[in-house]
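Annotated in TrEMBL:
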type	residues	note
TRANSMEM	12-35	transmembrane segment
TRANSMEM	55-74	transmembrane segment
TRANSMEM	86-106	transmembrane segment
TRANSMEM	112-133	transmembrane segment
TRANSMEM	140-157	transmembrane segment
TRANSMEM	177-195	transmembrane segment
TRANSMEM	226-246	transmembrane segment
TRANSMEM	266-288	transmembrane segment
TRANSMEM	295-318	transmembrane segment
TRANSMEM	324-341	transmembrane segment
TRANSMEM	361-384	transmembrane segment
TRANSMEM	390-416	transmembrane segment
REGION	426-446	region 'Disordered'
COMPBIAS	433-446	compositional bias 'Polar residues'
Amino acid sequence: MFPRVTRWLSTAPAPLFSAYCIVAAFGAYFCMYAFRKPFTAGTFADEALFGVDYKTVLVISQVIGYTISKFVGIRVIAELPATRRAVGIVALIAAAHAALLLFALTPRPYNFALLFLNGLPLGMVFGLVLSFLEGRRMTELLSAGLCASFIMSSGYVKSVGQAIVLNTSIGEYWMPFATGLVFWPPLLACVWMLAHVPPPGELDVAARSERAPINAQERRGILRKYGFGLAALITIYTLLTILRSLRDDFAVEIWAGLGYTETPSVFAISETLVMAAVIAVNGVAFLIKSNRAAFFTALHTITFGVLLIAATTILYLAGAINGFSYMVVMGIGAYVPYVAFHTTLFERMIALFRDKANIGYLMYLADAIGYLGYVAVLLLRNFATVDVDFLRAMTLTAAVISVCSLLAVAAAAIYFRRMDRERASEHGKHSLAPSSGVASAQIETA
């Protein structure tokens, strides 16, 4: 460790500090995807298990492990001390990479279980990275940079994986491990950078509230207090998780259905366009100083994304847009609200209501249920039929999710407006002049 780096960052100008954090967080999580997603660039068409195509078995196996990891993370991420985050990131990814090596060495179809073990540690990496960024006046901007990684990285690592298969003698089963090897050096460099990020300063705490580990009793208290509102928000998040995961995990099949075959660059190009649009929308939320205004703006942003999903689905079915535009706009519509949860919604909810909480707990609660919903969809799909048109499945899913999400976001908006009125009533006496600049910042940003 280099304490000088941390001290320098503590006094660095905001633009420089933000750039440092974004590079570190973006790079670390981008590299993590090289240990999670490359296998989805394969088709694994030569194998099946229990009458189910093998790629679907692999996706389900990994997602189950990833989902269990999210449930474990509800406690681990909420309680983990800051000093153990960096080592935790490296250890989790090393375990996942070891599972990919065993996946290549184990005879198929028995190697599907190794992708379960691959997903098991990876589900907690995001929470560890996000913990370095939360509770700051610039959190939305920093988190948007982090979220850019999981939008763009999936396409890029699939492009790398497919290029390895097409241009080398490495087969589909060794390709995931080989792709991971490429990304270890930048991963370690970015985690080193994260380890030197200082904790939020006094003004950050005043504006966004203190973020501290919370125990089981405190977590239950949050659920009791905001139960209905959180249920509505998590319903939206679950539906968005199902759509973006379907679009992501079966991108090869969906692009093939749209007429794009053996074109690895299409993954990277489309996701770069999606990333640029999504970050432009969500990244500017840090400019909104009022926590109340930012929170409800995030709900409006979610509504916009859901309406975009509905509109692009209608336009595609009507033949008004081509396949490439459909995938890009669908990605924007799915990721704009999905990323809003990560960058703004939960961050400003904590800052607005000022409960003892951290964003890792709320995100992992939503993530765990979201991925559980995705696993259920995959399992139901395979009970229904083996031969699936993934393009049609995504289109139908988008239509259903649009309607359900609009109802849920309306319920959430009504609930939290009532909670906000109660909060304002309880703190009416705070209209008196505060005794310090820090107290003033707390009131002005509420």
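Using N, Cα and C of the backbone, Cβ positions are placed for all residues, glycine too.
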Task: With Cβ distances under 8 Å as the criterion, find the stretch in 55-74, 86-106, 226-246 that has the most pairs with the transmembrane segment (390-416).
output: 226-246
Field: Candidate ranges 55-74, 112-133, 177-195, 295-318 - greatest C-beta contact count to the transmembrane segment (361-384) (under 8 angstroms)
entry: 55-74
- prompt: Per the definition of 3+ C-beta pairs under 8 A with sequence separation of 6 or more, do the transmembrane segment (324-341) and the transmembrane segment (55-74) touch?
  reply: no
Interface check, the transmembrane segment (86-106) with the transmembrane segment (177-195), three or more C-beta pairs under 8 A: yes
Query: In terms of Cβ proximity under 8 Å, which residues at least six beyond the ends of the transmembrane segment (177-195) contact it?
result: 1, 20, 23-28, 31-32, 34-35, 38, 85-86, 89-90, 93, 97, 100-101, 103-104, 129, 132, 157, 160-161, 164, 170
Same-chain residues at least 6 beyond the ends of the transmembrane segment (55-74) whose Cβ lies under 8 Å from its Cβ atoms: 36, 39-40, 42-45, 48-49, 109, 112-113, 115-124, 127, 219, 245, 249-250, 360-361, 364-365, 367-368, 370-372, 374-375, 378-379, 382
